[in-house]
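Scroll down for the structure; my scribbles are underneath it.
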Ligand SMILES: O=C[C@H](O)[C@H](O)COP(=O)(O)O
Ligand SMILES: C=C(OP(=O)(O)O)C(=O)O
Ligand SMILES: [Mn+2]
């Protein structure tokens, strides 16, 4: 753990236990890849990271709301312009719905451009009676159910870097180049969503916004400002592969201080958040905003140690606690955490991941989540915060812009038997575009009332 006598360097984590690291078969090749990565340009720069932190500081006090979403595990073969565009489109739609209802800025943060490494519950899995090494994300091995494909290959980290760079390049083009301009709000509604109840609600909202913009133009207010023409969009992923993250960690040449320039925000997963573990040691030393997942079996003293290790100065915007407690547990286990954090005066962005503790396996064998369970956890999250006098600051979703059938329920009521129709995820089940929009409208209703 980070104590005074333990000076942080970008490799000090090597003196601690790092869980969930791949067993790379060829360490010479692995080290050569990291060497190459450490000479390649950073993917994001420190100024942008500081901008995100300043926005997150507003979410601590309820003056902004965080929407973080994207794939459980990004798939190299799905890094295409339409897929990136559709994901961005839904996130922009959700942000509009929530900005309109909440009357405060929405921070748009993708699980994108680097979400390529996965922690797993087991080292192996059975596929058609054959035991294979588990898939650990495209930066490690391939999801193809073949023994050879599952062998970790360090060159995949290099490929992942280039995939992240090209994704980010297109995101920057879309968000700066006119795609995200507010007067196009109705154009973000996808064809297959338009006909649904959610699509129609969105259409109405879009029209209201466009009328407001027209009114502003009529009375002479300039609608060409960057706020109207551009969107601020940030990237995040789980900082799991510490070698990769170290190679992308750079000292800010203007102001000093270390930044993990693989993404704007990094989070530590439920499986790797040991206070005396390597992931906590690494992330305590970089200046990015950091997220930590908190599952239902958390120990209160342990969480307090984590908070104090990762955010000793109690800087607002530095730390987001992403609770993923499950709809069955949240009512019982969230209040003690909120009370203690409030008593201590910790500055925290409280975000709700309603996905990871609501997973079940359908009869067909598909890993899935039910829309109503997801909604129950979200509702309880908001109500508990309001009851405790703390601030519900954000939402963390596994979602996609495509019309997948991975989570059951929602307005179209996908049933277990339909999961096979378009089940494309390589890891956890994602909300489809329509279900994601439905979540946004449900939250909008809650915050309005
Ligand atoms: O995305 C999160 C984890 O990697 C995932 O939930 C683990 O799933 P598993 O239990 O199938 O390994
Ligand atoms: C691994 C994940 O979550 P958790 O650490 O909460 O299980 C994830 O977000 O994909
Ligand atoms: Mn997941």
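Cβ atoms are placed via backbone N, Cα and C, with glycine included.
If you look up TrEMBL, you'll see 72, 356, 398, 428 marked as Mn(2+) binding site. Every protein chain considered, the tally of other Cβ atoms within 10 Å of the Cβ of residue 428 (Mn(2+) binding site) stands at 18. Secondary structure at residue 428 (Mn(2+) binding site), taken from DSSP and collapsed to helix, strand or coil, is coil.
Residues or ranges marked as phosphoenolpyruvate binding site in TrEMBL: 111, 270, 271, 293, 324. Neighbour density for residue 111 (phosphoenolpyruvate binding site): within 10 A of its CB lie 27 other CB atoms from the protein chains shown.
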Under a threshold of 6 Å between Cβ and any atom of ligand 3, which of the binding-site residues 72, 111, 270, 324, 428 are retained?
72, 428
Among 72, 111, 270, 271, 293, 428, the binding-site residues whose C-beta sits under 6 Å from ligand 1
72, 428
Compile a sequence-ordered list of residues in the same chain as residue 293 (phosphoenolpyruvate binding site), six or more apart from it, whose Cβ lies below 8 A from its Cβ; state 'none' when nothing qualifies.
267, 268, 269, 270, 273, 322, 324, 353, 356
Round to a whole number and give the Cα-to-Cα distance in Å for the pair residue 72 (Mn(2+) binding site) and residue 271 (phosphoenolpyruvate binding site).
15
